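Listed in TrEMBL for this protein:
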DOMAIN    2-142  domain 'Phosphomannose isomerase type I catalytic'
BINDING   Q98, H100, E125, H254  Zn(2+) binding site
DOMAIN    174-235  domain 'Phosphomannose isomerase type I helical insertion'
ACT_SITE  R273  active site
DOMAIN    314-352  domain 'Phosphomannose isomerase type I C-terminal'
Amino acid sequence: MQAITGTTQSYDWGKLGDVSQVAKLASANGLVPDISKPYAELWMGTHPNGPSTITGSATTLKSLLNKQTLSPGIYEKYNGDLPFLFKVLSIRKALSIQAHPDKILAAKLHAERPDIYKDGNHKPEMAIALTEFEAFIAFRPLEEIAQHLKEYPEFRDLVGQAGIDFTVSSDVAKNKESLKKLFHALQTSTQEQITEAIRKLISRIHTSTKPLDQLLCRLDSQFKNDVGTFCAFLLNYVTLKPGEAIFLAANEPHAYLSGDCIECMAASDNVVRSGLTPKYKDVDTLVSMLTYNYGSANKQILTGEQVTKQTKEYNPPIEEFSIYQTVLDNQNELQAGVQGPSIIIVVNGNGTFAGDKEFQAKPGTILFVPSGMEINVKSFGADKLIFYRAFCELPTSRM
């Protein structure tokens, strides 16, 4: 077991200075927050854009990885590397409307445009709220979209014939095609059309107290005259409570809007964007790749399954990762060895972790735990010890 230091990323949408949960946690390993600087993400893993190191040295986490620390099966399957990238996010303003390609599309995009799509892997991801957390996930029920077309003439006029033709039927395939045409019409609107539609919309609703109207005004204040503002009419808006999670499969649209979360993903950096961003927008790819599944977001919100009195597991339908959340209130827990690599981050409280070595636990403590190692965790003090543990086990190891 080794204490490791993560890498902070200062994207524009991050919370500033020590308001950021990322900065607070990173300060445990020596970061002195700059109050004017955004601290958006804390990366824990081996990704070349932000590799973790052994605390107190320049030695990389990747240098510790071998058949013993990963397990022989994971070492072979994932070419001697970690299958996942673990993160903490602190969000001040909206991230882009985006989706992540599946493995087949990722390989194609990487082969055709390696300057934009840096690898050929898919990027399913899961976010677990640390604070109240806002997001867009997947397409709304079609009835809600149809109602928005009726209630918001600016939206209806912008999408033109696709809005007139938009109907809801019992034929799922036809519904998806109708939704695709509507999304395409929105995404291919000219900037002049978008600017004029937003001008009319905001001037009409800027004093409204309706939550959707206030959200629209907030998005426009963050990204002026951006087509992504209109995605609020199409995508499910959710507010997660701490401990609630969302899993984002390949080819599903989403955007994080505000709050702090734990995030884990397959080890990829592939993102296809279309709005709420100054970065490259690949509209054609996004429109063609989406599943156009639609419906309530409730089925996508996860609360985790209790596996011990103190630990619950968030287990998405993929092989690359699962996450444990453990909460100890002056208690101990013996965690059995995971048959694969894992990374722990402490977000609250104090205690100790004992494996082949013993480490003090405090907010910001990050540990790499090799395959098969049992850990004895003790908590003490007034605050509950809360930590998250991302891990990978092959399905045969979990039977």
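Using N, Cα and C of the backbone, Cβ positions are placed for all residues, glycine too.
A map of TrEMBL features onto the structure.
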residue	record	Cβ within 10 Å
Q98	Zn(2+) binding site	25
H100	Zn(2+) binding site	25
E125	Zn(2+) binding site	24
H254	Zn(2+) binding site	23
R273	active site	21
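Here the Cα atom of H254 (Zn(2+) binding site) is found 10 Å from that of R273 (active site). If you take the Cα of H100 (Zn(2+) binding site) and the Cα of R273 (active site), they are about 9 angstrom apart, rounded to a whole number.
Summarised as a single figure, the pLDDT of the domain 'Phosphomannose isomerase type I C-terminal' (314-352) averages 97.
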